[in-house]
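Contents: one structure, followed by commentary.
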Amino acid sequence: MSLSSELSRRSGSPLEPPPEDSRPSTIHPRRQQPRKYGTPLDWIRNLGSGIVSDIQSRAPFYLSDWTDAWNYRVVPATALIFFANVLPGIAFSLDLIETTNQYGVSEVLISSFMAAFIFSCFGAQPLTIAGVTGPITVFNKTIFTITQSHPDKPNYLQFVGWVYLWAAVLHWITAILNFCNLLRFVTVFACDTFGFYVAWVYLQYGVQVLTRQLDANAQNTPGPLVSIILALLMLITSVLFQYLSGQSFFHRHTRRFLADYGMPISLIASSGMAYWGRFNVANASTLPVAGAFQAAGGRDWLVKFWELDGKWVGIAFPFGLVLWILFFFDHNVSSLMAQGSEFPLKKPPGFHWDFFLLGITTFIAGLIGVPAPNGLIPQAPIHTTSLLIMKRSKPQKDEEEREKALGFTPDFTERPVAVVEQRVSNLAQGALCLVLLTGPFLHVLNLIPRGVLAGLFWFMGADALRGNGITQKLLYFLRDKHLTPVDEPLRQVRKSRILLFVGIQLVGFGATFAITQTIAAIGFPVVTMLLIPLRLLVVPRLPFTAEELAILDGPVASPFTMESVGGSLT
């Protein structure tokens with residue numbers, strides 16, 4: 001099974017939650033709709049009720065969250081998400097590291113460990129993977145560009161510390177005021193658009209990793225050329241493993257092994273190729289590392305942000321506001337996607353409490369001078385996918401008849417029946433970040449060529465793009481009509497309306513992607529957040545029927561998951 005085979009079911013078709021008997025019905029002690037307040041006193045009494053409700057609903061499962069980890073699926077999930085989280089996080093930060101000289105690989109690893117430890121041990125949604133993302137590196141780099149060009153420039157890390165503190169306070173206020181209930185208005189429209197943007201960011205960063213090497217070396221030197229070869233090798237072998245995992249070759253256990261370990265094997269093998277024969281002579285560029293547990297430039301880990309001049313404290317607030325907008329959308333969307341309707345989850349979520357915890361990690365990040373972690377796309381849904389328990393079952397009657405009509409022999413297929421919902425895989429991949437900070441493993445990390453990371457970016461970006469709803473809708477137009485299933489929901493939608501819906505999403509993607517290429521890149525979270533009112537206020541006024549919108553769009557997660565925020569938008 002490919003990493004995105006289950007996620008691709010989000011391709012614009014109606015969401016199909018698992019059977020109701022697979023989940024508790026009233027396990028979350030929260031009303032289905034947000035409470036309407038009659039008096040200010042009712043409003044005051046309800047402060048923090050979302051946090052309390054999240055803790056009360058998840059607490060009975062805390063022990064089982066650890067004991068349920070006694071399952072083999074935890075092993076490949078840990079390996080997969082470790083490589084998919086840490087290495088892209090370091091690669092994303094390379095430009096920030098080289099531009100500011102205020103961060104290093106140690107800061108990225110410490111940030112990843114902190115997020116994994118806090119969310120795995122204390123979070124209500126331990127399946128959500130948090131770490132260093134491309135948007136936060138763009139955000140921090142833009143802050144450096146703006147503030148350090150000022151004649152009376154502030155201390156960069158102290159200024160960022162105040163930005164993070166302001167953002168953390170807004171996180172806590174948001175959670176206490178139950179503003180996470182606004183997530184009920186987030187649909188597949190916004191998630192697919194933002195996921196499409198993130199996929200292209202991965203592809204772009206893969207290219208940038210290589211172009212920076214070309215710019216830093218003389219023309220026709222072998223190092224950058226070898227990096228390009230290694231990037232293509234990493235991409236091709238990963239795609240090959242993924243392709244074989246979804247075919248009829250080999251035993252099903254072998255196919256699952258290829259799906260679980262194909263990417264890590266490709267990364268290790270491609271890195272090894274850099275030290276074979278003439279490739280070794282080329283001396284391809286590798287990851288930069290410093291001393292074990294040493295901060296960039298030998299500075300102290302504690303950032304004394306309280307020593308910043310008063311005027312810069314006020315200037316930091318609007319930056320903190322933008323960061324809050326980014327994390328409110330980015331982290332919560334990644335949590336929604338990690339708990340999507342295609343996953344047969346049984347344990348309750350908790351968006352309010354987790355967003356409060358995100359404020360704590362943001363504050364700590366500013367205090368010790370590391371990039372602030374938040375929810376990762378596409379790593380979070382990939383993590384849940386890797387924890388799926390598959391069961392062989394006979395195809396449905398209509399599927400069997402369709403296969404016979406096409407000349408195929410009906411066979412038993414694998415379908416997801418459960419998810420290993422536990423905390424160990426997230427904690428383990430975070431603990432491995434600390435292991436990497438030791439001297440011997442830092443040396444191993446230093447051996448990984450940057451070209452291999454470029455190939456990893458391309459693979460993850462292409463995989464996320466392939467499973468994205470926008471891509472699936474566009475591919476619908478390329479399918480042979482006779483080979484398109486008769487029960488394909490998009491058949492019930494006029495093609496002109498599919499194109500209109502996708503066109504609106506592409507405009508939103510284009511606006512977000514374009515602004516990140518300018519000096520105004522710091523404002524891209526605002527553009528992303530506007531996707532929600534665009535869907536609520538503008539799209540329904542366009543010439544769509546209610547039935548067409550129900551097929552083209554829908555809730556991201558099941559009603560069971562959305563109980564935490566008062567239900568889904570109907």
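Glycine is no exception: its Cβ is also placed from the backbone N, Cα and C atoms.
Copied from TrEMBL, the annotated features are:
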type	residues	note
COMPBIAS	1-14	compositional bias 'Low complexity'
DOMAIN	49-214	domain 'Bicarbonate transporter-like transmembrane'
DOMAIN	224-554	domain 'Bicarbonate transporter-like transmembrane'
REGION	1-38	region 'Disordered'
TRANSMEM	74-97	transmembrane segment
TRANSMEM	109-136	transmembrane segment
TRANSMEM	156-175	transmembrane segment
TRANSMEM	182-203	transmembrane segment
TRANSMEM	223-245	transmembrane segment
TRANSMEM	257-277	transmembrane segment
TRANSMEM	312-329	transmembrane segment
TRANSMEM	350-370	transmembrane segment
TRANSMEM	498-515	transmembrane segment
With the greatest number of Cβ pairs under 8 Å to the transmembrane segment (182-203), the stretch among 74-97, 156-175, 257-277, 312-329, 498-515 is 498-515
Same-chain residues at least 6 beyond the ends of the transmembrane segment (109-136) with CB under 8 Å of its CB atoms are 54-55, 57-58, 65, 81, 85-86, 89-90, 92-93, 198, 201-202, 205, 326, 330-331, 334-335, 338-339, 348-351, 353-354, 357-358, 360-361, 364-365, 368, 370-376, 379-380, 383-384, 387, 419, 421-424, 426-427, 429-431, 433-434, 436-437, 524-525, 564
Practice item. Mark yes when the transmembrane segment (312-329) and the transmembrane segment (257-277) have three or more Cβ pairs under 8 Å (sequence separation 6 or more) and no when they do not. Key: no
